[in-house]
């Protein structure tokens, strides 16, 4: 793409707790996205791979890759001082929720708004050339190939004798589902702008009709195409990376997407993906924070014994002051 950007990493002995939102901003694109993509591939390898038939073989073949995934996803939080203290966890969640729901705009910094940070993360695409945009699109096509591989293994496809022909039809139907989801997002965003302020009842009726339509569509798929519950989970496993690919392509073709009036839907879809990634990362940390020994183990891991004892005494004194 060309160009460069300074990324401050800090120096020296770090004893200050970094908030979850700050770690998310720093490591989202360089660590978390890649870790989640590799995790999805490992799950698919367990479901469809033929080299590892049992759990022991799978564990022996993939444990190093799972270690890499866990390192990419959780090393920034494991090495963050006081990263498993419950009070810090509550404050981090409130700060992150406020950050991701805040609207951007002129003069709003990226540390205050998710929209401003999202715009900065794709700033390089505004100054790149045709070759750079083309390579972004080509690299995103791998998710579409992955989607077809999942659709090909659905029960509604493998149970038929028509084989590849039916799998291509189902693959086309899956794209119709994706298009329907984008249209629903567009309708909801337009309804929120027109009805949410003055016509709350109309907006809620609109969402109810869309929900009923989705339920009826799923029921028809169960009845006419022999859809199963396992197919639904596999479809989610297929469509989530496909939606991410559509986001990447939309960002590369930003001018065109804005021209057809779909940029608001792209932004809403991107916010949903960021929220899901944040919840997936935050949930294990919050669960571990329930256990006090995890925080003590982290303190002993990061600092020497004298400093760890000082931190424990400081927590006791802080607790006694609050009770007083």
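Cβ atoms here come from the backbone N, Cα and C positions, even for glycine.
Nobody curates TrEMBL annotations by hand; they come from automatic prediction.
Per TrEMBL, domain 'Glycosyl transferase 48' is recorded for 1-134.
For the transmembrane segment (55-79), the list of distant contacts is 20, 23, 26-27, 31-32, 34-36, 38-39, 42, 45-46, 49, 281, 284-285, 298, 301-302: same-chain residues at least six beyond its ends, Cβ to Cβ under 8 Å. Taken from TrEMBL, the feature transmembrane segment covers 55-79 (among others).
As annotated by TrEMBL, transmembrane segment applies to 134-154 (among others).
For 166-185 (among others), the entry in TrEMBL reads transmembrane segment.
The feature transmembrane segment is assigned by TrEMBL to 205-226 (among others).
Positions annotated as transmembrane segment by TrEMBL: 273-293 (among others).
For the transmembrane segment (273-293), the residues of the chain that approach it from at least six positions outside its boundaries are 20, 24, 28, 32-33, 36, 73-74, 77, 83-86, 89, 92-93, 96, 100, 114, 118, 243-244, 247, judged by C-beta separation under 8 angstroms. When DSSP labels each residue, the domain 'Glycosyl transferase 48' (1-134) comes out as 86 helix, 0 strand, 48 coil, counted as helix, strand and coil in that order. For the domain 'Glycosyl transferase 48' (1-134), the predicted model reports an average pLDDT of 87.
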